[in-house]
């Protein structure tokens with residue numbers, strides 16, 4: 001993972017609360033099996049509106065999203081983080097993040113910076129009054145600077161450390177492989193295992209067929 | 001030291017205690033996998049030359065992309081087909097057990113785990129799906145994870161997890177007739193909000209919860225995530241043990257006795273302290289329905305669409321205005337007057353056998369409202385087979401509903417079952433987000449009973465609207481002999 005210490009980029013004031021991950025990336029885009037190339041899917045339903053922020057020249061190159069509270073609620077799809085990153089965002093600022101979204105961001109080097117709602121309002125005002133204004137987010141001092149406004153943000157110590165060092169979680173965990181093995185040897189024998197597989201008797205599943213609707217009323221599917 | 005249920009399960013899984021602000025490393029007992037959030041995780045393993053550490057604690061099924069018609073034919077949507085094929089190839093390459101379309105054990109991952117008896121009390125269960133909270137109904141600590149974490153669990157069978165806070169959600173008393181588990185959870189979310197559970201593991205307790213079947217408890221825990229919670233749990237009891245006994249992967253013989261003895265310890269100690277507490281009186285509940293575009297925007301069915309000008313909080317007011325516009329509603333309009341185009345009965349929230357039985361009892365010997373499309377989609381192939389063995393399929397078809405194969409179906413717009421722009425649904429699923437059921441679609445979340453009554457009348461309705469003499473059905477089999485072979 002790329003190290004993150006400080007980032008400066010155009011701020012985008014997304015004045016909406018409860019931006020769920022279905023809004024960040026609709027389900028139809030989740031069919032891809034790659035980890036990149038989701039930039040077109042970001043806020044897909046809203047991008048069709050010419051007035052939407054990311055369709056305005058001043059915000060198009062935005063890399064710091066300043067959103068309303070409860071950002072990233074709903075589905076656990078990490079695609080939401082990939083889409084934000086692929087578009088070019090490095091930081092999302094909000095007064096409250098959904099837990100899974102916050103976790104996913106940390107894994108992918110997208111900084112989820114928690115800022116008090118009154119400070120979010122300050123940032124919105126500046127970014128709306130002077131579209132295209134840059135925002136500097138400094139992870140070392142945990143501050144957001146925009147014009148003459150400097151506000152603090154919260155991020156947990158562990159995530160901050162991992163972001164600043166650019167560390168990969170799996171590598172960190174595998175340093176403790178012997179402790180995992182020791183734990184496995186202590187596990188109760190009756191805890192379930194998926195293998196060898198046990199089943200109820202196999203039964204044929206009949207495929208449902210489309211129903212043909214006649215004016216006479218509903219008819220049966222096969 | 002006194003502890004809550006969640007803390008006990010956590011403590012039993014600590015592989016390594018975090019120091020210097022690092023999180024605890026927890027062992028994962030059961031990892032469920034589906035086609036949407038796993039391809040990039042398997043690819044990550046491949047690139048790093050890592051195996052799946054414990055294929056024997058991993059189970060894959062196909063659910064999100066799968067069609068619910070013509071399942072014996074190739075999947076028409078090529079990207080969906082590729083994603084399914086990718087899962088099959090990954091399962092084969094890494095030695096993971098998979099239940100594919102057409103297999104009797106295929107279905108929504110959150111039904112497949114419980115019905116196989118793999119979901120058990122006291123386990124840690126994860127899946128790249130936020131509705132993994134469902135498994136908390138068994139007293140497991142179960143939560144949704146992102147794809148990076150899926151890869152982490154595949155590689156290490158562990159997860160570093162930040163500590164959580166605990167919230168007791170107590171539902172006292174007895175539910176009134178016509179209200180169900182779905183109405184309890186919709187009322188809880190409306191009360192604490194979509195962010196109210198953030199950082200918390202919720203423990204549902206109280207008489208109304210204890211009285212629920214496992215199916216009802218799964219409905220409640222399933223939607224914990226809609227309140228923003230990390231997880232939802234219910235302490236195991238006789239209802240849990242009875243559900244599990246005899247299932248393919250339930251412990252047997254002496255192992256069963258040892259397991260039950262342990263499971264009985266999985267309850268919050270009387271002197272344990274929760275970080276937060278919420279209390280609801282079941283007697284106050286009535287059938288609930290959402291009017292807006294997040295699950296917290298719900299009201300009793302007897303209410304009216306809110307009037308934004310009357311909402312004090314500025315953010316909530318703007319959100320309500322936007323939601324009412326998207327939903328094509330009028331402020332102040334009675335919820336009962338809302339006419340729907342489609343009724344969807346299914347999903348990991350309400351696609352279980354009890355849900356289907358309750359609906360079947362209500363629609364038996366009736367016809368659906370003329371212009372309403374009704375989809376009945378079992379949560380798993382086994383649920384479908386069970387329903388057919390009980391004759392429910394004939395009841396649905398005679399009613400004018402479509403009886404489909406198992407899958408996530410219309411809960412989310414990833415497969416052919418979708419709403420058209422501005423099409424309105426009453427849906428037993430879990431999310432009413434903009435476009436969730438198809439671009440421009442409008443979703444009202446409801447219980448199976450409200451869905452059935454709505455399918456009969458064509459407007460949002462409860463059983464009470466069908467006439468004073470109509471009894472409110474429960475989830476028991478239509479023929480008592482069928483109870484012996486419950487899914």
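One-based numbering along the chain as shown.
Every residue gets a Cβ built from N, Cα and C, even glycine.
Listed in TrEMBL:
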type    : residues            : note
BINDING : B:348, B:408, B:411 : [4Fe-4S] cluster binding site
REGION  : B:419-441           : region 'Disordered'
REGION  : B:466-487           : region 'Disordered'
DSSP on the region 'Disordered' (B:466-487): how many residues come out helix, how many strand, how many coil?
7 helix, 0 strand, 15 coil
Using all protein chains in view, find how many other C-beta atoms are within 10 Å of the C-beta of residue B:348 ([4Fe-4S] cluster binding site).
28
Around residue B:411 ([4Fe-4S] cluster binding site), which residues of its chain at least 6 apart sit with Cβ under 8 Å of its Cβ?
B:344, B:346, B:347, B:348, B:349, B:427, B:429, B:430, B:431, B:436, B:437
Around the [4Fe-4S] cluster site (B:348, B:408, B:411), what further same-chain residues have their C-beta within 8 angstroms of the site's C-beta centre?
B:63, B:64, B:108, B:131, B:346, B:347, B:349, B:351, B:379, B:407, B:409, B:412, B:429, B:430
Long-range same-chain neighbours of residue B:408 ([4Fe-4S] cluster binding site), Cβ under 8 Å, sequence gap at least 6?
B:63, B:64, B:66, B:108, B:347, B:348, B:414, B:415
Grouping DSSP H, G, I as helix and E, B as strand, the residues of the region 'Disordered' (B:419-441) number 0 helix, 4 strand, 19 coil
Helix, strand or coil by DSSP: which one applies to residue B:411 ([4Fe-4S] cluster binding site)?
helix
